[in-house]
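Student: According to TrEMBL, the record shows the following:
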type	residues	note
ACT_SITE	Asp330	active site, proton acceptor
BINDING	Lys31, Ser32, Arg36, Ser176, Ser177, Gln178, Ser208, Asp330, Lys357	3-phosphoshikimate binding site
BINDING	Lys31, Gly101, Arg129, Gln178, Arg361, Arg405, Lys430	phosphoenolpyruvate binding site
BINDING	Gly460, Pro461, Thr462, Ala463, Ser464, Gly465, Lys466, Gly467, Thr468	ATP binding site
DOMAIN	20-437	domain 'Enolpyruvate transferase'
DOMAIN	456-663	domain 'Cytidylate kinase'
Amino acid sequence: MTTTGADAREPFLRLAPAAHARGAVTLPGSKSISNRALLLAALAEGTTGLEGLLDSDDTRVMRAALRALGLDLRQDEGRVCLEGAADWPQKRADLFLGNAGTAFRPLTAALAMMGGDYRLSGVPRMHERPIGDLVDALRSLGCEIAYEGREGYPPLRIGRGRLDVSRPVRVRGAVSSQFLTALLMAAPIAARRAGRDVVIELDGPLISKPYILITLNLMERFGVCVRREGWQRFIIPAEARYRAPGRYRIEGDASSASYFLGLGAIAGGPVRIEGVGGDSIQGDVAFAEVVEAMGARVEREADALVVSGRAVADGGRLRAFDRDFNLIPDAAMTAAVLALYADGPCRLRNIASWRVKETDRIAAMHAELARLGARVESDADSLTVHPLPAGDWRAAEIRTYDDHRMAMCFSLAAFGPVPVTILDPGCVSKTYPGYFKDFHRLLGVERGGAAPAPVITIDGPTASGKGTIAQKVAQALGWHVLDSGALYRLTALAVLREGGDGADEAQAARLARSLDIRFEPDAILMGGEDVSALIRQEEVGNLASRVAAWPAVREALLACQRAFRQAPGLVGDGRDMGTVVFPDAPLKIFLDADVEVRAQRRYKQLKDKGFSANLDDLLQDLRARDARDRGRAHAPLVAAADAVTVDSSHQGIDDVVRQVLDLWSARGPA
């Protein structure tokens, strides 16, 4: 999320000069595989359980689209289960697909072959990404597709055409391999309806062949074998039918592995990358060969890579390269930043596809490398980067252009001798929401000693919205989040389960010290049990307010709360975050709202979750809880002297989030 206002800058992440990195990281699921698997599962007969599915912006828009089309998706024991259908129930839908090419292109092909009344749109950048080659190919099959705006670009309108597969369908593959992938995955729809083979022929060269191999591999896993004649002709047999494979595990994202391969190459290592290895079906795993050629050592296991390299902060240098990156264009972006640490100029060739990605990546990479002080040359399909001597580095704010890969690959610029600031780090949510947390966890001691991670505290009374605001601010910044109220609720739940009523301070403090808890993205676990819903019950909340008044309990939980302060930063919400837990926080927010408004919010929250609630009782409880919180002797609810008070009574969530981000951005990246 970006900030608003004429003079406001985007949220930022400051990276101090780093020296070394080591440790292990588990990759999120592959974006390329996740969205392909979702589509194939939606087209397959039977139920598919997808394990390791990436949870990111791109996969969320695909899942939302499939639900809008009438398909049943549900979460079940860590898997996403999907009941497929050869013909989808909903024949009319308006689908918003963000900037997800892996959702937009394949869904265009599938819906065009099924026929219906569909509109497909995205963010403004998606409407600048060409789709004409795919539309031309689909129209040649008899599909009905119209452009709403500029010819050759989304948004699109899809109607009910008459399929004709009597002749081969031709498609260009020089702009994006996703056009061929879309046709291949949707072709069994046309083959089934026409009762004959569908033949796809390439018109001209094909870029990014490894991504087509991913598509063919997945289609075979779902029961459809494509006959391939070189890279020019593909035959989908008339009898092709997708069948659910039961459980299907999605491997880690090989494009995301490139950042950690690069990290190990310049930071000594070893860095162990789990989730993708020598058995990967993804072409980007070949980036391991790139860092090896630059001087790193890579060990390959079936499901892991281990990389060690040269500590450039200690004077080490990578070997320069002149390389064709046509097959791995996404991972190639990492090589462009690694070139800063090489022993000579590095040239990346055959990367014209960068021009039509999330941004014009050749122009963006040229501009931001130059911002660091590097000499850069670029043309239509290549980039040459000259290495930076230690004295030529410039501290810089790196623009990310709402491009997740720009943000992630420029994290590696932190191993130069000057601080680097990443603007809009939250854009990594497109494919890897937790990237900067994982990156910082692997870093060693920063040069000159490590400063404490920055903290934004959000204090306020019950139901002021501080938990929701904290979550969204943390997501926008790519930071950790601490819901301190959950710790007191967990303590209260433990007291209740031991038969207590909160009157015994020693009992409550003992249980607080021994909490066996784990915070996960979608759950709070206590003793391995998901208690997320239980701790939101009014009985637990009322007891939590009483338990929190005990000094021994607050002392028991103080160290636990401070342990959440980890790089790249923390957003903590509670009642004494800015006054007691993090008194040195550079930004403190006191979030307030009228008690009547807060009662209405809590009432709606409880009703939405299926709990019974009485508005008058809630209002009375909130007033009593406010009095307890403000009147307790130890760490009372009060705004810190240097806090900014924000009244959320008549503001929406997004308005408050923007206000907090503006306040943080106004402090600058120093």
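Using the three backbone atoms N, Cα and C, a Cβ is placed for every residue, glycine included.
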Student: Per DSSP, to which secondary structure element type does Lys357 (3-phosphoshikimate binding site) belong, with helix, strand and coil as the options?
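Tutor: The three-state answer is coil.
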Student: What's the CA to CA span in angstrom from Arg129 (phosphoenolpyruvate binding site) over to Ser208 (3-phosphoshikimate binding site)?
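Tutor: Arg129 (phosphoenolpyruvate binding site) to Ser208 (3-phosphoshikimate binding site), Cα-Cα distance: 17 Å.
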Student: Excluding near sequence neighbours, so keeping only residues 6 or more apart in the same chain, what lies with its CB under 8 A of Thr462 (ATP binding site)?
Tutor: Gly541, Ser545, Arg598, Arg602, Leu622, Arg625, Asp626, Asp629
Student: Sort out for me which one of Lys31, Arg129, Lys357, Arg361, Lys466 has the most neighbouring CB atoms within 10 A, since those are the binding-site residues we care about.
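Tutor: Selected residue: Lys466.
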Student: Taking the Cβ of Thr468 (ATP binding site) as centre, how many other Cβ atoms lie within 10 Å?
Tutor: 16
Student: On a C-alpha basis, identify the one among Lys31, Ser177, Gln178, Ser208 that is nearest to Ser464 (ATP binding site); the candidates are the binding-site residues.
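Tutor: The answer is Lys31.
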Student: What kind of secondary structure is Gln178 (phosphoenolpyruvate binding site) part of, going by DSSP in three states?
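Tutor: DSSP assigns Gln178 (phosphoenolpyruvate binding site) to helix.
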Student: Write out the long-range same-chain contacts of Ser177 (3-phosphoshikimate binding site), meaning residues 6 or more apart in sequence whose Cβ is under 8 Å from its Cβ.
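Tutor: Ser177 (3-phosphoshikimate binding site) has long-range Cβ partners Leu206, Ile207, Ser208, Lys209, Tyr211, Ile212.
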Student: Excluding Gly460, Pro461, Thr462, Ala463, Ser464, Gly465, Lys466, Gly467, Thr468 themselves, which residues in that chain have a Cβ inside 8 Å of the centre of the Cβ atoms defining the ATP site?
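Tutor: Other same-chain residues with Cβ inside the cutoff are Ile469, Asp573, Leu591, Ala593, Arg598, Ser648.
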